[in-house]
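Feature annotations, courtesy of TrEMBL:
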- A:532-655: domain 'STAS' (DOMAIN)
- A:150-167: transmembrane segment (TRANSMEM)
- A:179-200: transmembrane segment (TRANSMEM)
- A:207-230: transmembrane segment (TRANSMEM)
- A:262-283: transmembrane segment (TRANSMEM)
- A:290-311: transmembrane segment (TRANSMEM)
- A:348-370: transmembrane segment (TRANSMEM)
- A:382-402: transmembrane segment (TRANSMEM)
- A:422-440: transmembrane segment (TRANSMEM)
- A:447-469: transmembrane segment (TRANSMEM)
- A:481-504: transmembrane segment (TRANSMEM)
There are 2 protein chains.
Amino acid sequence: MAWNPDSNNEKAETKEMDIRNLSSSQFHVHSESNLHKVAVPPKQNLFQEFKSTMKETLFADDPLRAFKDQPSSRKFILGIQAIFPILEWGRSYTWRKFRGDIIAGLTIASLCIPQDIGYAKLANLDPQYGLYSSFVPPLIYAFMGSSRDIAIGPVAVVSLLLGTMLSDEMDPKENKAEYLRLAFTATFFAGVTQATLGVLRYYLLGFLIDFLSHAAIVGFMAGAAVTIALQQLKGLLGIKDFTKNPDIVSVMQSVWGNIDQWNWQTIVIGVCFLSFLLFAKYIGKKNRKFFWVPAIAPLISVILTTFFVFITRADKQGVAIVKHIKQGINPTSANQIYFSGEYLKKGIKIGVVAGMIALTEAAAIGRTFASMKEYQIDGNKEMMAMGAMNIVGSMTSCYVATGSFSRSAVNFMAGCETAVSNVVMSCVVFLTLEFITPLFKYTPNTILAAIIINAVIGLFDVPAAILIWKIDKFDFVACLGAFLGVVFQSVEIGLLIAVIISFAKILLQATRPRTALLGKIPSSTVYRNIQQYPEATRVPGVLIVSVDSAIYFSNAGYVRERILRWLMDEEEQVKAACQPAIQFLIIETSPVTDIDTSGIHAMEELHKSLQKKNVQLVLANPAPVVIEKLHSSKFTDIIGDHRIFLTVADAVSSCSPKWVEEEV
Amino acid sequence: MAWNPDSNNEKAETKEMDIRNLSSSQFHVHSESNLHKVAVPPKQNLFQEFKSTMKETLFADDPLRAFKDQPSSRKFILGIQAIFPILEWGRSYTWRKFRGDIIAGLTIASLCIPQDIGYAKLANLDPQYGLYSSFVPPLIYAFMGSSRDIAIGPVAVVSLLLGTMLSDEMDPKENKAEYLRLAFTATFFAGVTQATLGVLRYYLLGFLIDFLSHAAIVGFMAGAAVTIALQQLKGLLGIKDFTKNPDIVSVMQSVWGNIDQWNWQTIVIGVCFLSFLLFAKYIGKKNRKFFWVPAIAPLISVILTTFFVFITRADKQGVAIVKHIKQGINPTSANQIYFSGEYLKKGIKIGVVAGMIALTEAAAIGRTFASMKEYQIDGNKEMMAMGAMNIVGSMTSCYVATGSFSRSAVNFMAGCETAVSNVVMSCVVFLTLEFITPLFKYTPNTILAAIIINAVIGLFDVPAAILIWKIDKFDFVACLGAFLGVVFQSVEIGLLIAVIISFAKILLQATRPRTALLGKIPSSTVYRNIQQYPEATRVPGVLIVSVDSAIYFSNAGYVRERILRWLMDEEEQVKAACQPAIQFLIIETSPVTDIDTSGIHAMEELHKSLQKKNVQLVLANPAPVVIEKLHSSKFTDIIGDHRIFLTVADAVSSCSPKWVEEEV
């Protein structure tokens, strides 16, 4: 494995170097032609370049791969299957799978019914709208979605977000009809947003979906959990005059300011059953065999407390009850959506935000369970399915539905096999709407509050936050910022903080890239960061600096000055130690992934400054785009083609061959 | 220079690899302990880490370097000198230098007087305010600034920007007094912004100054030049009812709609002298000896036309004249600045924008001439000086002043030595204000228009735009976007477009990083992009991919899927060619400068997907931050410490030593 310095490069290094005149020390430039030359990539014409960039940006996953070289009948079938994955997996559906799905479906149905009623309240809607949203959207999803484990329906965070944003526009009690219409409008546009993202390709608007970092999501979810749990204190304590502001300060003032409204009967029921639910959850976690215990505990609680209130007529003692849920399945609501007027714009705005948050949640769930069971889900199909189900939902009196964390986990553990479990759940909800809703009349609100608190506790992911703290302090700040924003202000502010901090991190990295000094790893030809590898040795007379980022306008000035500062520091040390002066500055450009016109200007200025100091600028391993731009800007002519090397080792050997030879 | 594979690493590679069980081909894992291990950098404690990060972000240029190890009396002197650089260079000032400065000062004074009167009109202010702004600010700058060549005063782009933003708030004719007060307020806060940026360190708010890419500035300036030139058509053609909208469509409608208002006498004077000015400019460019011709041509034109109008009383024929310039030096205006009320906020907003644009222009000028004469200018001192001069200016009836491109170039060519040339110019302006302003009464507006058109033509930098097109197509789009935004909408919109496109580029790069396949460069141990180096050979059974960016939430999903797609493509090809199947995927992580929690999740998912395909994930050369995070997230435990190598060559040799041995 000898490093053989012969090469096919004959052009470079053949003329005498003028640096010799500048240099008066022992170092001189290697003038033999034995080094690899940095290749300039073959020039593409503009159209090809544009085409390949667009393809990579928009169709990075090559969506038509399966359609290639197929007869047109086959293409048609593949196309239909692409829209309705059920046609693909449905053909291999078996009774054994159905058994799994029916058990899972019944389990998540028993969990979703009480949750739906509670979540509808978070969105300031009547309880039946929560049930409606667990009837139609899961059916649509089952035909179009590609995840096998996700459980579709209303979820806490999206309900809260929708409720907050809608009440900012109008009062949900005073303008009940308009509020409902605006909710359908927002749902419609949430669906349109999702479907559009699906059609326009995941990758075109990739950064709109990936606009939240993992850390920001963890913080946002935890904040939403706290906010939702706090709002449930209204139901749990039986307070009547509760604040409408979601922040922790207002809620705490409401709770302690209205201590006279606390209703002990309500509190006793709520706290007892909350303990029961938490205990059930604990059992389910302890032993996965008992996954069904936490799944059916909410329904059992509802049945028990409803029966209890009905028997004791505790509602006359001040225990608030659900009172009325409209019987019957979803009425049509297509004519209620605002397609013009002032509310159209508001509906679009709310819909876009809610749709994207819903998508973020669904994507995280889908990906998690897919990787557990090791199958692929298709981001585009998922978005199309979500979009379709919300568009249809908005026309059938549903509000924004998405994948629910808690129900999907139960679905998974109950052994679901395909999206048929969603169909089963949907059927149960249908039966509930048709026949059972009157029975909910005496269900106390406090039990719904307990169920919601129990459900959202899972969103408060402490281990994830600890891991984030361990891995990256800046990420933790993003996480904390999102959390505090949601808790102390509102969901929107928290979301805004999360987005801003997420992007600030990218921009900060583009403004202050790391630079490092490199040294030679003993007995190798490899040069690495001397902080990371303290055993690496410096090359006398040569300073090797790596720049850890694309050089753009945002950091060009900084990079230039930072490199000059490395040089000044080094020169001081060298002087103090009476070592030979620095004569070559090698920039390791492997991590420099791109350069723009400002960056090239900065390099030119750096070159000039170095010339004044009699230091020669040398580049090692520029990437294809970088070398291409250096060429077209003639910068390679300024520093000389023979100053650009394939590796740091080549560059060093050409700067001070004597030293290298001595070493070896 | 033999690559000697002995190493100080004893831990890695000593146990048998479980991959052997998976693998059935000729490749097996090298189990000898002869490779360098990737070092995890020494762990800093949190406080140290925070301190060093803050230091690097805020004080990257180590501003107190000169103060280190000095006695306190010396420190005091250095401190005073830091604020007033004149104390430093003033001591070595000579008569020879003064001769240069006085010639340069007189030359730029003759250029600035007619320009100032015209620029004040762009800002919708009376002509004397332009002259005021060429009297006080240059004096202040001479004491505090560090550039030797910059010529201070009002400039076209800032005047236009200020004029546009101020008239958006109120009508400059109806509310003349308030308009003037708001202008002073904006100037005050422009100064405060600049001084604050100087105090808070260039680097803290570095990205606020570097918020425009070079390309965006080129486009913006060209757009501003066109807008300013178009607005001069009012004066040049003698049109009375001219639009106030700056966009090209409105201006053209005004020009062709009011063809009956065209005044032939005005046009004749204007066009003749515009030709004269352009010819003078041409002569100055042709032969640098005649630099003074374009410099004094404007003043000569003003004198000639003023005299001509006075003699012929052409103003009675409809030739618009200046009429009145208030005699005497700057009155105080400190009491006119709004420090409360509704205009305070507007003043701050306008001031911040104008201050930053002024700073961008001054920084570009200062840097250009400093690099020509090879001296350093200090960004912080510059900002402090600019801030001080505008704050003092706002209290002495000046509006925002900065460095002017055209006058600085003349200053440079006239042989200025120090900022004393600004003092000379300031004295001439003082004399003008005291004694000569009444003589400007008959100066026709058309000559001022011609002078401004002549001045702003230089801002239209076609060669720079062509170079940008050659180097980077995306940068060219930013340039064009800014240009069209200014020309078809307004200066603010153009600015906004420039900022958005500038940042979009950074974000796009963070969303779609390049990935590439690597191959071995013949007779070396170096692996490089096979597109850039077509001679590079692939290693059978091993796929080597490089990822060209930090892996963040914004691209983690893309990177994962892109790598899997490289693998799928490769597997198809390998199958078709009946070559051995891919068993190792090596990721070259040299350009991966950072990773966040989302990135680590993506790597975990990638690892899982690869395991299913019986492909082993191997990492080469992770950076210090990356390896640290991989360690703290336990990802190194998941893939195994022995799967992380110092170089791609090490990684390849451990994956398939047989092949490498055969080759060598």
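Here the Cβ of each residue, glycine as well, is placed from N, Cα and C on the backbone.
TrEMBL entries are annotated by machine, without manual review.
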> Are there three or more C-beta pairs under 8 angstroms joining the transmembrane segment (A:150-167) and the transmembrane segment (A:179-200), sequence spacing 6 or more?
Replying inline: yes
> Which bits of the chain, at least 6 residues beyond where the transmembrane segment (A:481-504) starts or stops, bring a Cβ under 8 A of a Cβ in it?
Replying inline: 157, 160-161, 164-165, 211-213, 216-217, 219-220, 222-224, 226-227, 245-249, 353, 357
> Is it true that the transmembrane segment (A:422-440) and the transmembrane segment (A:348-370) have 3 or more Cβ pairs under 8 Å, skipping pairs fewer than 6 apart in sequence?
Replying inline: no
> By Cβ distance under 8 Å, which residues at least 6 away from the ends of the transmembrane segment (A:150-167) in the same chain are close to it?
Replying inline: 108, 112, 115-116, 119-120, 122-125, 130, 133-134, 137-138, 141, 179, 182-183, 186, 221, 224-225, 227-228, 231, 244, 246, 350, 353-354, 357-358, 361-362, 365-366, 369, 389, 399-405, 407-408, 410-411, 419, 421-422, 425, 452, 455-456, 459, 490-492, 495
> So, does the transmembrane segment (A:348-370) come close enough to the transmembrane segment (A:290-311) to give 3+ Cβ pairs below 8 Å, pairs being at least 6 apart in sequence?
Replying inline: no
>> Averaged over the domain 'STAS' (A:532-655), what pLDDT does the predicted model reach?
In response: 87
